[in-house]
Amino acid sequence: MPRNQGFSEPEYSAEYSAEYSVSLPSDPDRGVGRTHEISVRNSGSCLCLPRFMRLTFVPESLENLYQTYFKRQRHETLLVLVVFAALFDCYVVVMCAVVFSSDKLASLAVAGIGLVLDIILFVLCKKGLLPDRVTRRVLPYVLWLLITAQIFSYLGLNFARAHAASDTVGWQVFFVFSFFITLPLSLSPIVIISVVSCVVHTLVLGVTVAQQQQEELKGMQLLREILANVFLYLCAIAVGIMSYYMADRKHRKAFLEARQSLEVKMNLEEQSQQQENLMLSILPKHVADEMLKDMKKDESQKDQQQFNTMYMYRHENVSILFADIVGFTQLSSACSAQELVKLLNELFARFDKLAAKYHQLRIKILGDCYYCICGLPDYREDHAVCSILMGLAMVEAISYVREKTKTGVDMRVGVHTGTVLGGVLGQKRWQYDVWSTDVTVANKMEAGGIPGRVHISQSTMDCLKGEFDVEPGDGGSRCDYLEEKGIETYLIIASKPEVKKTATQNGLNGSALPNGAPASSKSSSPALIETKEPNGSAHSSGSTSEKPEEQDAQADNPSFPNPRRRLRLQDLADRVVDASEDEHELNQLLNEALLERESAQVVKKRNTFLLSMRFMDPEMETRYSVEKEKQSGAAFSCSCVVLLCTALVEILIDPWLMTNYVTFMVGEILLLILTICSLAAIFPRAFPKKLVAFSTWIDRTRWARNTWAMLAIFILVMANVVDMLSCLQYYTGPSNATAGMETEGSCLENPKYYNYVAVLSLIATIMLVQVSHMVKLTLMLLVAGAVATINLYAWRPVFDEYDHKRFREHDLPMVALEQMQGFNPGLNGTDRLPLVPSKYSMTVMVFLMMLSFYYFSRHVEKLARTLFLWKIEVHDQKERVYEMRRWNEALVTNMLPEHVARHFLGSKKRDEELYSQTYDEIGVMFASLPNFADFYTEESINNGGIECLRFLNEIISDFDSLLDNPKFRVITKIKTIGSTYMAASGVTPDVNTNGFASSNKEDKSERERWQHLADLADFALAMKDTLTNINNQSFNNFMLRIGMNKGGVLAGVIGARKPHYDIWGNTVNVASRMESTGVMGNIQVVEETQVILREYGFRFVRRGPIFVKGKGELLTFFLKGRDKLATFPNGPSVTLPHQVVDNS
C-alpha cells in the first residue's frame, strides 16, 4: 500500500473531500479517480456480452474478494426472490380456491407445499441458520428449481385440458427477470439457467398446444405466439443483463471506494499514530491532552484569556536523577564533533532503554547531561529504588564506553527526592521540563557527586527502607550549595542480594526491555563503539523490537479519538505495515472491514421514516437527493429496448394493426430523445455543451429527474393503451363473435399478450435507478391501473369472448355466452367456469407483480441509502482522523523543526539511529534572565512557585511571538533552559533568508550569506525591547544577558525513540560563553561576529579581552543597536508584544 509519511501533501486534498471519485472503464472522467494499483479489465466469463460490460478487477485476488462481497450483498435480495415465489404460490392458491373443484385439488396441494417450503427457506435465510457455503452456492439453484417446478406444475395441473401458447408466460417473464436482480450468482450462471428455463417452457408449451389442437392445428398462429413468447423472454433477459451490469458496476464502485477509503484511513491513522507516538515521546500524556484540548478552542475563547496558556502541574514525592559524563572534554578531544554526537546518541539511546525499564521519564538532555524523574506523571511508591537502579545501570553502561574508547570517561549520578513543577513554557518548540528548588538540589547532588558512584540525598535515603547499602557522601565538601543548605548525602555502595527480588516485587521486570537483557547486558556494548561509519549514520548490530513505551503510547487515549468501530483502524495499520508488498494482507483487512460494515445496521427506523424511507434529517435527505446516478441514461435505454420488444410482440399478435407501427415509431423517437438527454451528462465530450448542461441539471434536480422518468413510463403506457384501444375495431360484439374471431392475426386471438407487455413496462419502471421507490410506486400504479381499467371495462367483452372460444374449442363445461359477460362465482353444476376469467386473472397478476416490484424497489432504495450513509460515515471518519492528524501535526511541529519531524514520521527508526546535518554558516544566540532566580520563590503566595513560572511563561511566550514575524522566519528556537532562551539562524535546510531555494555558497555574496545573522541580531534587539515593554507594564526590572556567535555546527537528534533536537559545536560553546560572561542588558559577541554585523549597520562598543573557559582570552564587543536607515532593509518593521504606541 502506498504510503506518504509527510505532512499535508497536496495529493491528499481530493481524498478529504466529500466527493470521492472512483473510475471504472467507460467513465468519461476515467483516469481522474485515484485507483492506485487497482485496474478494471474489460474481460469476463460471460463472453456473450459486449466487451464494455465485462468488468473484472486486476489482480485476480481482488476480483475473488469482490465476488464474495457482491454475493454477500445479494444475500438479502435472495430473500426477495423467496418472497416473489411465495406470492406466486398465493396467487395459484387463490386462483384455484375461487373456482375450486376436485380437479383443482392437486394444483392447490402443490401450491400449498411450495408456499410452506418458501416460508421455511425464508426463515432459514433470515435467521442465518444455513451455512454460508450452502446459502451462496447451493440455495440459489435450489430456489430456481423450486420456482421452475411450481410454474410447470401450475401450467400442467391448472390448464390440463385447455392449454394455450400464452399460459404462464407472464410469470415466466417475471421470474426470469427476477433471477438477474436477486440471485447471488455470477452473470454467466444466471444467463444459463434463464435461457434453459425459457427454452424448456417454450418447448413444453409448443408441443403441448400442438398435441391438443391435433387436426385443427393453426400452425401460423401458434408460430407467431411462440415467437412472441421468445421476444418477451429475450426482452426480460436483455433488460435483466443490463440491470445486473448496472448493479455490478454500482457495487464495484462501492467496493473500490471502501478499499481506497480504508487505504486512506490506514495511511492517515498510521501517520496520526506516528505523530502521537512522537509527541508522547517528548511530552507526557496529560500535558499533550491539555494542549490538544486548548488548541481546539475557538479563537473567541482564546481571546478572553488574560494570560498565555501555561501547562504546568505540581508533582510531589518524586525522585529526580541527574547524570553527567565526567571526562567529556577528554573524550571530545579524541574524536570529531560528528563522531562525538554519534557516540552520545548511542549512549543516550541506551539510557532511554534503561529509563523505560526503570519507569523513568526522561526530561532533557543538556549537552552531556541526562536527567530524568521517576514517579511522574503516575505515582510509584518505589520511585527512589527505581532511580537508584537507573543510576547504577548508567554507571555500568558508561564503563563499556570507557573500556572501548580507552578514555577516562565515567558517570556522576545524583538523586534527590522532593516536589517538582512539571510542564512547558512558551508557545513554540515545546519541551517538557521541571522546575523547583528540589530540581536545583538534584542538580547539585550530581555536581557534588563522585565519578562512578550514585550520590543520594537524605530525602531519597528516607524512601529506600534499607534496600541498598550506603556510606556517607560528604557532598558538602565538594559543593558549596549542599553545604550551605545543610543537606546530608550518601553514596550507594552496592545493591544487596535482595535488590533483584525487591525489583521484581516492585514490578520492574514487568517493564523490562523486550529482549529481557539486564541493564548491564554486554550484548549491547558493541553498539556503543560502532560509530565511525563514513556516511554519518550509526547503527546497532542488533535489531530493535517494540518498546514498552511505544506500547503504552498505543493504549486507548480519549484525546486521540479513533473511529468508533469494533475493528479499530489503528489495529489495521499495525497489521499492514508492508501492505504495498502484501496485497493479500490488505485484501484480508478489506474483507474484515466490509463484513463489519455490513453487520452494522446503518439505516434504522430512527434515521428514516417507515413508509417513505426518507431521512428524518432534512439536510441529509437533501444531500442524498442530489447524489448523481450516472446510470440514468442506461435506464432510459432499457425503456427503448422494452418498447422495441413491445412493438415486435404486438406486431406478431396483430400484424395488420397499423397503430402498432405508429406508436412504435413515435414512442421510440420520444424515448431516444429522453435517453440522449440523459446520456449527455455521462459523456459530455460527445454532446453539445448546452445539452450537457441541461442533462446535468436534470440529474441534479429531484423534481426534474422524477418528471423525466414519468415521461418515459408514460410513453410506454400510452403506446400499450393506444394499441389496446385500437384493437377494439376488430371486435363488433358477441353476435358477430364468430366473424370477429375468424380474422386471423387479430389481437383478439390472445389478448393476454397486451398484459404481458404491461409486465415489461413494470420492469422498465424499476430500472429507473434515479428515482425513489415512491415515484416508482406511482408509475407502477399508473401502469397497473391503466391495464386494469382496460381489462375490466374496455376489453371486458374481448376477454369474455376469448375465454368462450377457448373453452368451446376444448369442449370444456362453460356458461352461456350471455352469462360470461358478468362473472358470477355463484354459478353451480356444469355452468361453473373451470378457470378464473382471464380479465380477472390477468389484472390480479399485474397487480401482484407490481407489489412484488415495489417490495424490491424498497429493498434497493434501502441498500442505496445504506451505501450513501456508509459513504458519509467513511468521509466523516476520514475527516475526524485528518482533523486529529492536523492537531497532532501542529503539536509535533511545535516540538521539532518541520524537516526533523518529517524524518521521524517516516519508517520506524532504530534507537541508535542518528539524524544529523552539518551547517557551515549559522548564527547561535543565548539569552538569559539572570535576575529571575531572585524573583522565583516557592512561597504559598506564589502558589508554590507556579505564579512565578506563569510570569516567566509570559516573557518566553512574547519572545516566541516575535518568531511569527516574516522577518524572523529563518530563525529557529532551539530550546529553553530554565530562564535561558536559545535560538539559531540559518538551520532551516535548503532555504535562505529570502525564503527561496538556496543555491551554492559561491553563487551568493557574503552579505546574502550572512543576512540570517543580521536577522538574528535584530531578533535579539527585539527581545530586549519586548522585555522593556513587559517591565513597564508589570513594574519589574528584568534584564537580558545575551551572547551571540557565528560559525559551523552539527544539528541533529539524539535518541530516535525520544528525539531531542539540538545543535553542537564550538560555535554553540562560544555563544554560550558569550552569554555567561556577558553583562546584563547587553549583547556580547566576538570579533569575527562583530566584523560581519557591522556591515549591516549595527553599532558596537568594544569591551575588550575577557577570559573564556577552554578558549583563553577573547576580544569581545557589545552590540548597542542598529542605524535607523539600515533597520530591516529586507522586511517590515516588527510590532512588539505589549508594545504601547504613542500616537501623539
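Cβ atoms are placed via backbone N, Cα and C, with glycine included.
The annotation topological domain 'Cytoplasmic' is assigned in Swiss-Prot to 1-79 (among others) on the grounds of sequence analysis.
The Mg(2+) 1 binding site feature in Swiss-Prot is assigned to ASP324, ASP368; the stated evidence is sequence analysis. Residues within less than 8 Å, Cβ to Cβ, of ASP324 (Mg(2+) 1 binding site) and separated from it by at least 6 positions along the same chain comprise ASP368, CYS369, TYR370, MET411, ARG412, GLU446, ALA447.
What Swiss-Prot records for 324-329, 366-368, ARG412, LYS975, 1062-1064, 1069-1073, LYS1109 is ATP binding site, and it gives similarity to another entry as the kind of evidence. Within 10 Å of the C-beta of ARG412 (ATP binding site) there are 26 other C-beta atoms, taking all protein chains into account.
Residues or ranges marked as topological domain 'Cytoplasmic' in Swiss-Prot: 402-632 (among others).
In the three-state DSSP scheme, LYS465 (SUMO3 cross-link) is classed as coil. Within the same chain, no residue at least six positions away from LYS465 (SUMO3 cross-link) has a Cβ under 8 Å of its Cβ. Per Swiss-Prot, SUMO3 cross-link is recorded for LYS465, and the stated evidence type is similarity to another entry.
Residues or ranges marked as region 'Disordered' in Swiss-Prot: 504-566.
The compositional bias 'Low complexity' annotation in Swiss-Prot covers 517-527.
Taken from Swiss-Prot, the feature N-linked glycosylation site covers ASN736, and the record attributes it to sequence analysis.
Taken from Swiss-Prot, the feature topological domain 'Cytoplasmic' applies to 854-1144 (among others).
Mean pLDDT for the topological domain 'Cytoplasmic' (402-632) in this predicted model: 65.
Cβ-based neighbour count (10 Å, all protein chains) for GLY327 (ATP binding site) stands at 18. DSSP assigns GLY327 (ATP binding site) to coil, not to a helix or a strand. For the binding-site residues shown (LEU366, ILE1063, VAL1070), fewest C-beta neighbours within 10 angstroms: LEU366.
Cβ neighbour count for ASP368 (Mg(2+) 1 binding site) (all protein chains, 10 Å cutoff from its Cβ): 20.
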